[in-house]
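Enquirer: According to TrEMBL:
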BINDING   70, 88, 91, 215  Mg(2+) 1 binding site
BINDING   90  Mg(2+) 2 binding site
Ligand code: 2AM
Ligand code: CA
Ligand code: CA
Ligand code: CA
């Protein structure tokens, strides 16, 4: 069975590099942009084309597999039974549109709810963060080492500043306290890249008040390989069929961020 996942990862990597070519080619011409739930929630025809590319490849090659993607190319799934691909064709669409930098293709394969394969491909920097459950996590050919902890006051966390000013965000005050207490905060604009950075020891933690499964499904497979944690703000396991707050970190930091900051709504 282990060899099957390694083989499936090889196929997933090939498709991811092909998908990256679609994205890179599109950067040369004007891109049609639409707003989704609000004026800052963007989607382009490239997001849809890349999701459709994966869906067609998977249907053709593995007709018994299921598919969950952001842009609704496939019908919604109701359970995580069997083998499920969870794909965000472009994570960081705003960066893709405005900056043409710092966006990723996120591809995960889950089996009966367990993350088996995680790929986060930062298309422009050409860094493929990849992991197969039980086989370690890598950036391209370099294996990541199990993370070392830093105290909270020496930690750098990923956080979108929007969460500190949104009146309707019930976690605003705990997050402000966290921002005050850590060494510094970064915001890259791609949840998948930021979570992969925690696995790679470029960040110590990452917090978002609202993510969807395709934002983190692949990156949390990497995390587990290096001993990091991901959960809801209450420390509960993430539900890959719904949206939720997500907190990620090295194990002690993860625990402390929950117990001293976001675990209770202040
Ligand atoms: P996306 O680019 O695939 O939409 C931006 O801070 C991060 O949050 C990105 O990973 C982005 O993914 C994600 N995100 C989740 N929900 C979002 C929303 N409604 N609007 C914008 N970004 C969202
Ligand atoms: Ca989106
Ligand atoms: Ca996303
Ligand atoms: Ca997306």
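Backbone N, Cα and C atoms are what each Cβ position is placed from, and that goes for glycine too.
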Enquirer: Under 8 Å Cβ to Cβ from residue 88 (Mg(2+) 1 binding site), same chain, six or more residues apart: give me those in sequence order, or none if nothing qualifies.
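Expert: Counting only residues 6 or more apart in sequence, the Cβ neighbours of residue 88 (Mg(2+) 1 binding site) under 8 Å are 69, 70, 104, 105, 106, 192, 214, 215, 218.
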Enquirer: Near ligand 4, which of the binding-site residues 70, 88, 90, 215 are found, taking a Cβ distance under 6 A to any of its atoms?
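Expert: Result: 70, 88, 90.
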Enquirer: State the count of C-beta atoms found within 10 angstroms of the C-beta of residue 215 (Mg(2+) 1 binding site), not counting that atom itself.
Expert: 24
Enquirer: With a radius of 8 angstroms around the mean position of the C-beta atoms of 70, 88, 91, 215, what other residues of the same chain does the Mg(2+) 1 site pick up?
Expert: 87, 89, 90, 106, 191, 192, 212, 214
Enquirer: Starting from the Cβ of residue 70 (Mg(2+) 1 binding site), draw a 10 Å sphere and report how many other Cβ atoms land inside it.
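Expert: For residue 70 (Mg(2+) 1 binding site), the 10 Å Cβ neighbour count is 22.
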Enquirer: Compile a sequence-ordered list of residues in the same chain as residue 90 (Mg(2+) 2 binding site), six or more apart from it, whose Cβ lies below 8 A from its Cβ; state 'none' when nothing qualifies.
Expert: 23, 44, 46, 47, 50, 96, 103, 104, 105
